[in-house]
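In what follows, a structure is listed as structure tokens, so that the remarks can point back to it.
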Amino acid sequence: MLSEHHASARQKNLFQVLFVVLGSGLLVVRSGIGNAQTVSIAAITVALLAGSALFMAGNNMFNYCEQLGSLEVQIFNFGRRVLTRAMRRIRMFEDAFMKMKKICTILNQLIFFLLCERLLLTTNAVSSLYTLMFFTVVTYCVGYVKELVERADWNMVITVGNVRHLALTTTYIVLEWTKAITFIITVIFMLLVFSLEKVLKDYSPTVPFLVITFLYYMTIEKMYVEIFSNWFDKRKFDYFEGLESLYTPVIILGIQIFLSGILTLLNISPYKIRILILALFFNIRLKYRELSDDHITPLQKELSVLSKYRQASFTELAHHDDVCAICLYFMSSARVTPCFHYFHADCLRQCLRESNKCPICQYNISGYL
């Protein structure tokens, strides 16, 4: 009876693998068998899907095969080793690629813009490149103007100690004038390009295309991310309890993954298989890894520290009617220690990095917990 049960389980797993392979094969046929590049990419996809299915089936059957001591255990052991090694190599590639921040950013932008182009535009095949170039130029100009506005010291003379350094001063002046001339040439070039109708006669993006692409561009471009982070950090929402610096990248990457996921779903078609594979891997898979490994894990760690201390109610805060003893600012939200002292969550979190004692009464909080 037991052997019949495992035999039926084996057949079920094999049927699942066969279904995945046949479904992917149908996608290959519909994607255009005459295009060798498309067929090769689709064939790799079929192999990966079939391998994943076999890997899952092997995990389910491994214990039973090990008891039998038959040839099956050797086959599945070999398959698992091959798949494990392949996944390790893929993860090594992901780690190496994610370290190249600028290349990763440009590729994410280009893939997302191509998704928008395939979905919202039907006339020009290079509108995404024109749009990306236009956004990049505008960002450079805005960044230079922002730098001039925020500059506090306009003194061009560099001093070393009490002595003016002629060579460093000359180099600094030349660099500043180079940046200014580059900015002027860029603005003039933009005006000339947009004034000549022949240059942009085939460039006719729609408003939804420009809005969606610029929204994604702002979430991934460093200058706009810094502007949003500074604004978000100054708002000091009670819900985030002073952890805005940890929540900001989670929100930004969440928006990127959400937009890429929606566009990927809307672009599902056998004729767009190449761009879909690129979007799934670079814009969703790698972004999710960055979100999970670099930002969600540290945020969960800090939240787990604060979860040991309950939040003060509005009634308690009104009755307490005092400032935080650490930063001396008014408390619209607070955490309560076991010794019944009130602190901002972020202030308490920073103090707990140095000591496990209450900042006021030196009560051993860790010992209580």
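Cβ coordinates are placed from backbone N, Cα and C, and glycine is handled just like the others.
Just so it is clear, the model here is predicted, and its values are computed rather than measured.
Feature annotations, courtesy of TrEMBL:
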type	residues	note
DOMAIN	324-362	domain 'RING-type'
TRANSMEM	14-33	transmembrane segment
TRANSMEM	39-57	transmembrane segment
TRANSMEM	103-121	transmembrane segment
TRANSMEM	166-194	transmembrane segment
TRANSMEM	206-225	transmembrane segment
TRANSMEM	246-265	transmembrane segment
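Using the rule of three or more Cβ pairs under 8 Å, pairs at least 6 apart in sequence, the transmembrane segment (246-265) is not in contact with the transmembrane segment (166-194).
Packing against the transmembrane segment (206-225) from elsewhere in the chain are residues 105, 108-109, 112-113, 116-117, 120-121, 127-128, 131-132, 135, 139, 142-143, 146, 252, 255-256, 259-260, 263: each is 6 or more residues past its ends and has a CB under 8 Å from a CB in it.
A Cβ distance under 8 Å defines the sequence-distant neighbours of the domain 'RING-type' (324-362), meaning residues of its chain 6+ beyond its ends; these are 238, 241-243, 302, 305-306, 309-312, 316-317, 368-369. Over the domain 'RING-type' (324-362), the average per-residue pLDDT in this prediction is 83. As a summary of secondary structure, the domain 'RING-type' (324-362) carries 10 helix, 6 strand, 23 coil according to DSSP.
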